[in-house]
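Over in Swiss-Prot, the protein carries these features:
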type: ACT_SITE; residues: Glu200; note: active site, proton acceptor
type: BINDING; residues: His156, Asp168, Glu226; note: Zn(2+) 1 binding site
type: BINDING; residues: Asp168, Glu201, His300; note: Zn(2+) 2 binding site
type: COMPBIAS; residues: 582-601; note: compositional bias 'Basic and acidic residues'
type: REGION; residues: 528-610; note: region 'Disordered'
type: SITE; residues: Tyr299; note: site 'Transition state stabilizer'
type: TOPO_DOM; residues: 1-15; note: topological domain 'Cytoplasmic'
type: TOPO_DOM; residues: 381-392; note: topological domain 'Cytoplasmic'
type: TOPO_DOM; residues: 450-461; note: topological domain 'Cytoplasmic'
type: TOPO_DOM; residues: 518-627; note: topological domain 'Cytoplasmic'
type: TRANSMEM; residues: 16-36; note: transmembrane segment
type: TRANSMEM; residues: 360-380; note: transmembrane segment
type: TRANSMEM; residues: 393-412; note: transmembrane segment
type: TRANSMEM; residues: 429-449; note: transmembrane segment
type: TRANSMEM; residues: 462-482; note: transmembrane segment
type: TRANSMEM; residues: 497-517; note: transmembrane segment
type: TRANSMEM; residues: 628-648; note: transmembrane segment
type: TRANSMEM; residues: 669-689; note: transmembrane segment
type: TRANSMEM; residues: 693-713; note: transmembrane segment
Amino acid sequence: MKLKSVFRSVLKYRKTNLSLLLLITYSIITLLYIFDHERYKLNLPKEDEHPEFNDLLETAWGDLQIITASFHPYTSKENDKVHDYLLKRVLEITGNSSFASVSDDKESERSILFQQQDPFNESSRFSRVTYFESSNILVKLEGKNPEEEGLLLSAHFDSVPTGYGATDDGMGVVSLLANLKYHIKHRPNRTLIFNFNNNEEFGLLGASTYFNHSWSNLTKYVINLEGTGAGGKAVLFRTSDTSTAKIYQQSVKENPFGNSIYQQGFYSRYVRSETDYKIYEENGMRGWDVAFYKPRNLYHTIKDSIQYTSKASLWHMLHTSLQLSAYVASNSLDTADQTPACYFDFIGLKFFVISAKTLFYWNCIFLLVSPVVAIGLYLISRDRMTWKSHSWLSWTRFPLSLAAGIIVQKLFSNDIIRSNPLTFSRNYFWPISAFFTQVIFTSYVLINCSNFFFPCADMKSLSIIELFIILWTILLFTSKLLYSSDYRYTGLYPLSIFFLLSTIAAILRLLALALGMRTRKRLGRECRDHHSNYSSHSQIDMERDGQENLEQPQDQFTSSQDDQASIQDDNVSTTSAGPSHNVDEDHGMDSSSQQHDERVPLLKGSNSMEEGLSTRENSLKLEYTDYAWIIQFLLIVPIPSFILFNSVDVIMDALNHTVQEGSKATFDVLRFGMVGSILMALPILPFFYKVNYITISLTALLFLISASKTLLVHPFTNSNPLKVRFSQNIDLSQGNAASVHVLGREGNFLKPMLQDLPSIKYSSTHINCTSVTNGMELCMYDGMQPNLLSTNGNTNISSMVKVHVLHNNRNSTERSPYEPIVAELLLEVKENRACTLTFESRHQAKSPVREITVYQKKNSAPQKTNITKTIKSASGINELQLHKLDFDQETYHIGVQWFPKLLTDGNLEDDKLGTKDELSVSISCYWGEYDSESVVNGTAVRKIPAFDELINYAPLSFSFTNEQKGLVIVKDAIIL
């Protein structure tokens, strides 16, 4: 009997038991989180267990060290060295293989001229034409069954000018080399193409050029390896559809890592990045975008180096791609289901996939069936008189307390915006913790105050039912979003899981009421009529706050007395109207009617409320009363809390550093944090009002600490720096001043840092800082002149870019007024690989340029040229981007054709000044090498000393990246 009493005491719905269970739940969630984030570091292949994998990893790590020895953007000479090294490694690996072929775009002089939508800004209406000379390296492994649709594996070997490219995309490149080495030893069934492509960073151009190669016709599937962060685990960022997601599920058995929340966030443009996968997808390929995704404040900076990554990160990408490519290469694929996929992994142990369309159908079933079942059970319980009647005060306290928590949260978020809006960049845990604890603390205070004055007999059950109603409304809204987005909102699946589990908990409660004995309520009424002062030694003290169960001194009770007390639970309608009537939720009895009285029968066989009820019924009711809350808790709290916590962490982990990219991103992150914390709080709110004083005290303390950290701590540190964008601009049309542009977030961060630079501090250099769009600040000052070229004389920066007009018939009398105007330009640019021409007419709203021609040989006389590429556009061309490989070839030869104003608007007005058909051409040329030297008059000097100064003297809480495709931009302009 004592063992039974102890067991019942431990499992009874008491403050201590609930608080302990909450502690256990969140401890398990924390341990799972740590396990998930650290486990991959312990899974490196060992030489004695997996010698082949160990060799692949060690070789890949060595390749990575060589590739990332220096910065190697497309605009640098180091880029050619990386190309040559990769070509050498590819030839070593393929050797004399009978089924391997190698194609080098640089050797074959492959180039393309094509019209391109801005790949990084889909909303841009700027019409762009791009000329690109490729140095992609392609390898074909012909499969045993060449009839099978081929698989492309792709990664880019260029970096940005300010990063070594260890994760972006050195790890992807060396993982491709490892995959190539593996498949050379294990010939695939289907044909594999490897694309080591160049110039992804400034237009996804290497991937675009792939479709100019004949091998592109062999491939249907693609694995793209990318780095949009700077380490950690490689995530399945995007996948084409449910079929490809299931292929990942079937192939990646060890350490799978993916979440369709990333996919939805990326397609919704919450991340201002893009990968080659976009190009492959637009060209009809299906596959997998596997990428590093964090931290973004180190992405594209000097810290994207081998020092800040690890073999564990490399192995995670390498092994993931190897498992996936080996499966695809050797198996027939079921690709019938092409609807978008919802997918996620469970701590790297299991990968789950469901079609977003199927999820929508299940949502519809849940939305239709659950209220029908709930209402049906409610009507049955009303008919059987087992449903408690509750006042409107009882029904409104849970939603009102939740609403109050949201209002207080909004006020707190306003304080964050005013005092420390970029706090998420440093550590998103503190603001999320502050939001979460504030919501549950507010709910606790309001519900318990309400229960003190207006006790509720069944607060937990009412809250669970109301939570079901709230989640039903949310699921209806999210299902509408899912349908209207053509099932592209693949990150909404956590709400479906949460709704399902909370629905089961609510229906179990309603089912218990519906199956209750109708005589019990009658007996309860009779007992109140005949024993208004009923009391016994088996009754414990009622809690003033109206909590649900009693903490009973077990030694004072007999078995039947326990049963008798439990019988009264949840079956007597008693909602008191004031503090003088204290109601116990379990027993539903008004404490004012339960004064101790001699007339109360004390013996087991006496007439009492259990009269007419069988011992079996008492036992069943006792079991439900004491233990049903545990079932409800286990349904509503652990699984939804883990999934929602993980989902919020996934979102914040990917987006927290985007607050540095503008005010819109800041508000997006803040909104996600607020909504996420509310969703994290919902599972425990029906129970939290009953926690003990230790738990609520710790909650209040955690809120105070979190709020203080959120509002007061500086948002940037050495390990979490503010990323600032740099460029040095020389506008030859306005002189030779080398104006340094530093772009970063507003908030008095940039100017104090710049004022401490030696070249500014000890001179009269003026810094001009202005607010630009989207909460960004641009600071400009005249910096030290760059030394882009080695020379034996004084460097004249104006000689870097020269524009020669070879032909222009705008004012020719031989041209008809209705005839397009034609001009030819020769750009003379030294040691350069990239320039951009922008076309504009002062008298026409849209660009009048309709045709661009790029000549292969850039000679001074047009009769010696050969036309290589021509492109036309009826809608007009705003911009021409030029990318060439040969540094020694110092000219770009361009032909431009544009419409006179008469053709575009039909206006015959006089043009006495002859200016209405003028075409303004702005030229910008880019240099991206800074970590090297030029020799000027026999002395070695740094190429971009202004950037060196920032790197050397700025606090470590700043990191620097390029603003444009080069660090130095020389500009000029002409009118044709």
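Start at 1 and count along the chain as shown; that gives each residue its number.
Backbone N, Cα and C atoms are what each Cβ position is placed from, and that goes for glycine too.
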Proximal residue to His300 (Zn(2+) 2 binding site) among binding-site residues His156, Asp168, Glu226 (C-alpha distance): Asp168
Chain-mates of Asp168, Glu201, His300 with C-beta within 8 Å of site centroid, Zn(2+) 2: Ser159, Val160, Gly163, Gly165, Asp169, Gly227, Tyr299, Asp304
Recorded positions listed as Asp168, Glu200, Glu201, Glu226, least Cβ neighbours within 10 Å: Glu201
Recorded stretch, among 429-449, 628-648, 669-689, maximising Cβ pairs under 8 Å relative to the transmembrane segment (16-36): 628-648
Listed stretch, out of 360-380, 393-412, 429-449, 628-648, that has the most CB pairs under 8 angstroms to the transmembrane segment (693-713): 429-449
Zn(2+) 1 site, defined by His156, Asp168, Glu226: further same-chain residues with Cβ within 8 Å of the Cβ centre: Ala155, Gly165, Thr167, Asp169, Gly172, Glu200, Glu201, Leu225, Gly227, Thr228, Thr275, Asp276, Ala291
Sequence-distant neighbours of Tyr299 (site 'Transition state stabilizer') in its chain (C-beta under 8 A, six or more apart): Gly163, Thr167, Asp168, Gly227, Thr228, Gly229, Ala230
DSSP state at His156 (Zn(2+) 1 binding site), helix/strand/coil: strand
Tally of DSSP helical, extended and coil residues in the topological domain 'Cytoplasmic' (1-15): 11 helix, 0 strand, 4 coil
Stretch of maximal Cβ-Cβ contact with the transmembrane segment (462-482) [cut-off: under 8 Å; candidates 429-449, 497-517, 628-648]: 497-517
Top partner of the transmembrane segment (497-517) among 393-412, 429-449, 628-648, 669-689 - counted as Cβ pairs under 8 Å: 628-648
Three-state composition of the topological domain 'Cytoplasmic' (450-461), taking helix and strand from DSSP: 7 helix, 0 strand, 5 coil
Intrachain C-beta neighbours of His156 (Zn(2+) 1 binding site), sequence separation six or more, cut-off 8 angstroms: Asp169, Gly172, Val173, Phe196, Asn197, Asn198, Asn199, Glu200, Glu201, Gly206, Ala207, Glu226, Asp276
The topological domain 'Cytoplasmic' (381-392): DSSP-derived helix, strand, coil residue counts: 4 helix, 0 strand, 8 coil
Per DSSP, three-state class assigned to Asp168 (Zn(2+) 1 binding site): helix
Reported mean pLDDT - the topological domain 'Cytoplasmic' (1-15): 76
Cβ neighbours of His300 (Zn(2+) 2 binding site) where a neighbour is any other Cβ within 10 Å: 26
Secondary-structure category, per DSSP, in which Glu200 (active site, proton acceptor) falls: coil
